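J.: According to TrEMBL, the protein carries these features:
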- 41-195: domain 'Alpha-D-phosphohexomutase alpha/beta/alpha' (DOMAIN)
- 247-346: domain 'Alpha-D-phosphohexomutase alpha/beta/alpha' (DOMAIN)
- 356-484: domain 'Alpha-D-phosphohexomutase alpha/beta/alpha' (DOMAIN)
Amino acid sequence: MGNKTSTAADAKGLSAVVSGERSETGPLKIEKVTTSPIDGQKPGTSGLRKKTKVFAETDNYLENFVASTLFAVGAGQGTDAVELGSTGQSLLIGGDGRYYNDVAIQKIVKIGAAMGITRFWIGKDGLLSTPAVSSIIRERGPAWQKPFGAFILTASHNPGGPEEDFGIKYNCGNGGPAPEGLTDAIFENTKVISEYITCPDFPEVDLSTVGTTVVSDEFRTVTIEVIDSTETQVNLLKTVFDFDQIKTLLDREDFSMVYDSMHGVNGPYAKKVLVDVLGQDESTCVNAEPKDDFGGGHADPNLTYAKELVETMGLDKTGAKIDVGDRKVPTFGAAADGDGDRNMILGTQFFVTPSDSLAVIAANADKIPFFARQGGLKGVARSMPTSGAVDLVAKELGFDLFETPTGWKYFGNLMDSKEIYKGKDYTPFICGEESFGTGSNHVREKDGIWAVLAWLQILAASNTDSSKPLVTVEDIVTEHWKKYGRNYYCRWDFEGVDKAKATEMMDKMRKAVKKNTGRKMGEYTIKVSDDFTYVDPVDKSISKQQGIRFLMTDGSRVIFRLSGTAGSGATVRMYIEQYQGDKSKLDLKVSEALEELVKVALELCDIKTFCGTETPTVIT
């Protein structure tokens with residue numbers, strides 16, 4: 001289904017849906033609604049994100065996008081609508097619980113039912129983490145009911161609430177985000193849509209109770225199944241990890257942990273795994289109750305926004321140690337974002353960068369049963385802005401290595417190379433992004449709780465003898481640096497800047513790439529300056545303008561990107577990386593190690609001139 005595309009302007013496709021015998025009254029009565037295109041509905045790397053008020057107060061804003069998406073995936077074609085109705089395939093719906101999720105779910109069901117979908121699976125209370133959506137698509141049966149796709153109602157790590165952000169994304173039948181060809185088709189549909197259909201009298205779906213509801217008339221039947229939000233995902237994780245070994249670690253007197261779900265959707269998953277399955281005290285899970293505004297906070301698991309956890313772990317927002325007095329700091333800390341696909345890992349007064357986390361997990365993949373029983377890890381991938389720490393592991397251990405644009409869909413293609421494209425099998429596979437996203441081929445999304453369990457598994461496997469001192473997070477990372485060297489790395493985010501000015505700045509750097517190649521700046525010489533282009537080795541698609549890179553002769557890198565995940569305004573991301581192989585220089589402060597390279601980066605972009613500031617809102 002996900003590879004078929006059609007156009008909302010295709011009147012034949014629309015009339016095919018509403019033709020034939022239909023009730024003119026009752027819950028499945030179909031009504032045409034006249035609409036018009038709305039500017040700016042181009043899905044980004046993670047769907048469509050705007051201020052909540054745009055979705056809630058702009059006539060037909062959500063409806064246009066949903067209808068355009070269903071046309072693009074084929075549900076709006078007459079033949080495909082019949083196919084879905086006869087096979088019983090499902091449309092999966094869920095989200096991170098942010099404000100407006102409940103309203104959006106009801107609207108999607110009404111449009112989907114009108115367009116021929118006969119079965120819906122919806123997470124209890126409307127809640128489904130993004131990785132759980134992927135696992136349900138791939139794992140939950142029976143096979144004839146498996147979802148052809150899913151709508152995920154999330155703006156990920158962006159703030160939630162009436163004045164904040166809302167988002168919607170579509171995932172395909174492989175469990176992964178819509179590929180570029182499909183998102184392009186969706187966008188084209190939004191530019192020409194003139195009407196959509198809905199079932200205005202379809203009864204309100206009760207999301208509070210797991211169970212099945214059937215809505216029917218004399219011509220057709222629609223089945224709504226409200227499903228347990230955590231069951232499929234947790235059962236899958238049990239097959240990936242050795243929970244008994246992890247429990248032995250967690251039960252040690254010299255081990256303690258805290259997992260901060262930041263009032264996002266991850267809370268129920270964290271409690272299910274750590275409390276119900278692994279028998280830990282509920283105090284292990286903090287901020288575990290999902291709230292539609294994330295408790296008024298910013299559910300982004302980094303040193304800036306996960307303030308409560310960072311302080312608990314004895315650090316400040318720069319990752320530096322703070323005075324904790326006599327207070328006992330937990331051995332292990334982790335945080336999740338709004339939709340549960342991101343993670344942050346901390347040890348006692350020690351921050352693990354996402355790039356280092358990816359590299360450490362890859363280097364220790366043989367300790368995780370999912371990889372061990374398949375003969376070991378075969379491939380790794382990172383987004384282009386992510387540090388090259390995992391590259392060193394891949395070279396040492398002989399893994400296939402890929403550098404992709406930012407966006408999990410590129411990793412999904414590599415995971416599905418054999419299954420879908422009949423190409424080389426790169427699995428078992430681990431991948432990650434510097435933006436606190438890590439995962440493997442167990443699903444087709446990044447998976448925050450998977451990363452936390454991966455670290456707990458590595459720690460458990462490193463501490464099988466309880467009579468010996470505990471091997472800590474810091475021990476594992478510092479030993480990794482001694483073997484592979486350290487990639488000093490940071491990302492500066494300039495949030496909420498004027499989009500036109502930020503685009504002008506990027507365009508100026510883009511035009512100067514040839515001129516900057518070979519340029520000497522302070523102690524650095526630019527070996528290559530370019531605008532990253534990715535040729536997908538699986539489907540041969542080409543992705544251009546994925547980030548402006550300055551690659552230095554000593555291996556250091558400076559990269560600039562405009563983020564596609566902001567709800568309003570623009571976010572300029574500046575990435576700084578410098579490799580250090582000297583074992584006597586592995587414990588420098590990141591700010592000191594990168595001080596000169598940061599100066600070079602600010603001179604290259606001249607962001608103060610274009611955007612009025614060179615002070616970042618977030619440093620990670």
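Glycine residues also receive a Cβ, built from the backbone N, Cα and C atoms like all the rest.
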J.: Looking only at the domain 'Alpha-D-phosphohexomutase alpha/beta/alpha' (41-195), what is the model's average confidence as pLDDT?
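T.: Across the residues of the domain 'Alpha-D-phosphohexomutase alpha/beta/alpha' (41-195) the model's pLDDT averages 90 on the 0 to 100 scale.
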J.: Could you give the number of helix, strand and coil residues in the domain 'Alpha-D-phosphohexomutase alpha/beta/alpha' (247-346) as assigned by DSSP?
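T.: Breakdown, helix to coil: 28 helix, 18 strand, 54 coil.
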J.: Counting by DSSP secondary structure, give me helix, strand and coil numbers for the domain 'Alpha-D-phosphohexomutase alpha/beta/alpha' (356-484).
T.: 58 helix, 19 strand, 52 coil
